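J.: Pulled the feature table from TrEMBL, pasting it below:
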type	residues	note
DOMAIN	228-482	domain 'GP-PDE'
TRANSMEM	42-63	transmembrane segment
TRANSMEM	88-110	transmembrane segment
TRANSMEM	122-142	transmembrane segment
TRANSMEM	162-184	transmembrane segment
TRANSMEM	196-213	transmembrane segment
TRANSMEM	492-512	transmembrane segment
Amino acid sequence: MVKHQPLQVYEKQIFVSFVTGIYGCRWKRYQRCQDDSSKWECTWFVILCCSFLLLLFWTYFWLVAQNDFNEFNLAVYNLTGEWRDETIPILASTTVGFSYITFLVILAFFHISLGQQLNLYWIHKIGVLATLLTTISGVVSVDDIWGEEWGIILISLQSTAPFLHIGALAAFTAIGWLVAAYVVRRERSTFQMMVLLIYIGILVALYLAPLTFTCPCIMDRHTLQTRPEIMGRRGAPMLAPENTMVSFNRALQHGARSLEADVTVSVDGIPFLMRDRTFRRTTDISKVFPARQYEDASFFNWTEIRSLNAGLWFLERDPYWTVETLTARDRSRIGNQTVCSLLEMLRLAARANRSVLLNIRRPPPEHPRHRSWFMDTLWAIQKAGISHNRVTWTPDTDRGRVRGFQQTADEKLSLEEIRQRGITSLTLHYSKASLQDIQEYLANNVSVTVYPVNEPWLYSILWCSGVPSVSSDAPQVLRKVPYPIWLMSQNAYSFIWITSDIVSVIIVLGIFSFQNGMQNYNPEQIMLSTVVRRPSRDVNIMKEKLIFSEINNGMGMNEELSLYPENGYALSPLDHLLL
């Protein structure tokens, strides 16, 4: 008879060591614990999850806001007076922060699934707080500088909601494994029931979410309207400096059916193209007239305006990250651009048989052409030889003097106001053009042009909505969209939606049933009951683990093992009892 001295022989747990080591700097087995996590660590887990959700929202916002990156930089320029591409540091920090927080969240869920105690390392706690505070400050800053842009999230959901729904459904179905392990395989408590009810509530909400979706591209293919015409907004400003001749030529080369320009009148009555109130951003006025760089652009005469270079800024600042794609010849041509007059642009449109939309800025009251700006603009149109019915302008003023020209309003109006003012077209920002409004305007023979539309997903939504034309900074991008990105019939989507819900229900029920069947599962005991009766190091290891687990349940630890040479291995009374 030989006394058996239990030995603690551990198998390697590389994955567990990796998870607990990175998350809580617990690389050794003795440092780990399977006790319940403390309330303090649970609080940090909640903070981590909140940071993840905020960063997920923040990342999604910047993904869909790519349509208006230049508008954001312009808003920052108007606030600070200095042109910088602020989207680069924001995108870089967002990518790093989201990747870091997502990695920690995955590790935390691995802890829960492996039954390990949550214990976030203090360096990670500092990192999570820093990321959270940085994101919050970014949200507050964007709300202050660019608050009107939040509306793009709701608009983008018209395109992404069906796919986000499937992704969220798959994620919460997978989380069911952790919820079931927490609720089924432990003693019941009020908190566990609360967790279960919250999980079920979220699942039910996801199952019914498609009832609230408004997706224009869920429609029958035969009801799809013709492709919206593309208007070159200030030409093709992603390929050449805005409101210059080379920019308008590029827009026409990439299939623009009409041109849009911003018009200002000089002190000597020459209408010219300029978006800003000053020349600081788009010319070299700081070198040519440094003392007048903050002066209103309309207070320069045409000779002074013509002496400014309107192309070098584009090559130096590369506002759309496209300069590297230009040839040496294109760069040379862009570097010699001057401020474009209205007459030059109209003559180009007339030769190409294209329409134009003019956004005219009326000179200030102290300007010498304050009262004659209308006649100055009319003179340029008549001299260009362009057909009057191809010219549309805004603002909607001086209607009595405008005969033969089309006028458009750049504000959302009721049908009654449209009839009273005799307007036949509207030019609206995409955030103000809802699907219902567009359909109502078109049903009453009011044409709608939506701006700015630079991304294929937004162009696809407006196409499905029936919009006849869009104004874009990127005609070269939209011309590559021969068909909406996705189009699906209502029956097809309903089938996908209902099928996904049914599959999710089946999987969740299967997970909970499996976890309930595993409630009394003891892997060492099952393995000992099936092994062959011969000496084995693995068997000894499992026996020792089983002995220690039984000791924790209140059994004695001084038991004997008998060794018989003829049989090789015999079980002690304790082993017979266990098996």
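Using the three backbone atoms N, Cα and C, a Cβ is placed for every residue, glycine included.
Since we're looking at a predicted model, the values are computed, not measured.
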J.: Under a Cβ pair cut-off of under 8 Å, which of the recorded stretches 42-63, 122-142, 196-213 contacts the transmembrane segment (88-110) most often?
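T.: Selected stretch: 42-63, with the most Cβ pairs under 8 Å.
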J.: For the transmembrane segment (42-63), what are the same-chain contacts with Cβ under 8 Å, counting residues 6+ beyond its ends?
T.: 87, 90-91, 94-95, 97-98, 101-102, 104-105, 108, 118, 120, 125, 128-129, 131-132, 135-136, 138-139, 150, 152-153
J.: Who are the chain neighbours of the transmembrane segment (196-213) in space, where the CB to CB distance is under 8 Å and they lie at least 6 residues beyond its ends?
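T.: For the transmembrane segment (196-213), the sequence-distant neighbours (Cβ-Cβ under 8 Å, at least 6 residues beyond its ends) are 157, 161-162, 165, 168-169, 172-173, 175-176, 179, 183, 493, 497, 501, 504-505, 508.
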